[in-house]
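Working notes, structure below.
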Amino acid sequence: MQLTELSIKNQNVFVQHYIDGKEEMSSFFDYSIHHKDMWRERLEDLSSRFFAREELAAYLTSYHNKFGSSAMQSAIEKLKDPSSAAVVGGQQAGLLTGPLYTIHKIISIIVLAKQQEKELQVPVIPIFWVAGEDHDLDEINFVHTSEENGPVKKKLPQSYWKKSSAASTSLDQEKCAAWIDDVFAAFEETDHTNTLLDNVKRCLRESVTFTDFFELLIADLFQEEGLVLLNSGDPGIKKLETAMFQKILRENDELARAVSDQQAFMRQAGYKPIIESGKEQANLFYEYEDERFLIEKDNGRFVIKELDLGWTRDELHTHMEEHPERFSNNVVTRPLMQEFLIPTLAFIAGPGEINYWGELKQAFAVMGFKMPPVMPRLNITILERHIEKKLAERNISLQDAIERGTENQRETYFERQIPEEFTAVMDQAKSQIEAIHKTVRQEALKVDQSLEPLLLKNAAFIQDQLQFLERTVMKRIEEKEGYVLKDYERIQNSIKPLLAPQERIWNIMYYLNRYGPKFFTTFKNLPFSFQNQHQVVKL
């Protein structure tokens, strides 16, 4: 296995300017990731803040008992050290761990935590924030598999409440087991298949919810690294979040204004905000009968219109004290809650997160916080040996394949195989036959004007026959050149499936099935670096 790097620009202008260290980024973030003293500055800032370390460690210790991992428990123990900090990143609880970028994000968290622990000489804990309170299950209930004509979305055929969270939605064991079999049936059977499949199904049997299943698989892959999981949808964490829920309530109007002002500033600077937020939103959700509902503001009251529920500010404050488990964060308040709970040395962010965190600088300030350093996660492409070979055979650069895919090269190659004379003769035939037929039509219409529809239909039929002949010849060329054309498709399906980055479509199970556990051990321990280069892992 070999690690190389490529320089690939991000298509999001704001993200690329952040990566490039443009001066105007200081208006959106509190720390510059390009500043050499940034880590010590952040550590010093954290030292002046209070964190409920003992309480958080006690909760996490209890929560992690189910994983039976001494490395995880040792990492949690480090949180009690007042000098310790954490590298944090998060993602939704996707089935079979979700797209590859979830794995890449976790590797980013672990790599940066190890690097900074060595550099700063303080304990640095890798923490993965599992978005268990997220209720958009349609974003996590599928994986893509590679079929004859490219990637196919395989969706778990299970119904659930529309607004129920991942942490409270039970998996249908029978349907999920059958779905897993269906996913693995799309893989080529190898020496690793049965062991991997048995392990995945064991994790399923030990799970109740989407979040359980996700966490067990992640723990199985990363527990040796001491990765700590924080499930935001677990009722147990809510007691520690109560004071922050109440602070969000107290500062609610100011918080909404801060987000709105920052977004306006972002637009003025020529960038595009992505958070959909309004001043009538309270930026908190309320759980009612296993479904999540957005709390809104209406004439000084906090309401849930769908349920005809409402509270005064004081009533809601008391309700938070009595039932914190009923409340959860939205896209605005989740980063703030993370900052309240965890001494965060750095936040590992995907491109979309970099954009929306840039919309929250003033929101952090309203809460009395500085936004933690936002580190772009590692962008990784896995290059299989047979694909690398085909790139060389077809004279395609890896950079081109990653940035643009191979559809255009395939089309260009195919067009070159069509004899120029054939194309010219076909165009000439269509034109000449139409000219002759037009003369015939004109003469026929002199006999009977009512023949016009029939004559036009006849002309179209003749042209259709010519096009049929043309398509038949094209099909023969495609069959003749099938092996080469298929190479272009194989490259695209591996590196730029559906014209998206590999890490957004494919799932780690394909690689674990094909290359086995040793592949993953080597993969996660590669010497990745945070130089904002695209990482290429050659197998």
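Placement of Cβ uses the backbone N, Cα and C atoms for every residue, glycine included.
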Correct range for coiled coil (source Swiss-Prot, candidates 203-223, 329-349, 455-475, 497-517):
455-475
Given Swiss-Prot lists Glu384, Arg385, His386, Arg490, Ile491, Gln492, Asn493, Trp506, Tyr510 for ADP, the same-site residue among Ser146, Ser159, Ser164, Ser165:
Ser146
The record lists Ser146, Glu384, Arg385, His386, Arg490, Ile491, Gln492, Asn493, Trp506, Tyr510 as binding ADP. What's the largest Cα to Cα distance among them, in Å, rounded to a whole number?
17
Three-state secondary structure, which DSSP defines for Gln492 (ADP binding site):
helix
Here are some binding-site residues: Ser146, Gln492. Which one has the most Cβ atoms within 10 Å of its Cβ?
Gln492
Could you list the residues of the same chain, at least six apart in sequence, whose Cβ is under 8 A from the Cβ of Trp506 (ADP binding site)?
Pro99, Leu100, His144, Pro151, Pro497
Suppose we draw a 10 Å sphere around the Cβ of Arg385 (ADP binding site). How many other Cβ atoms does it contain, all chains included?
9
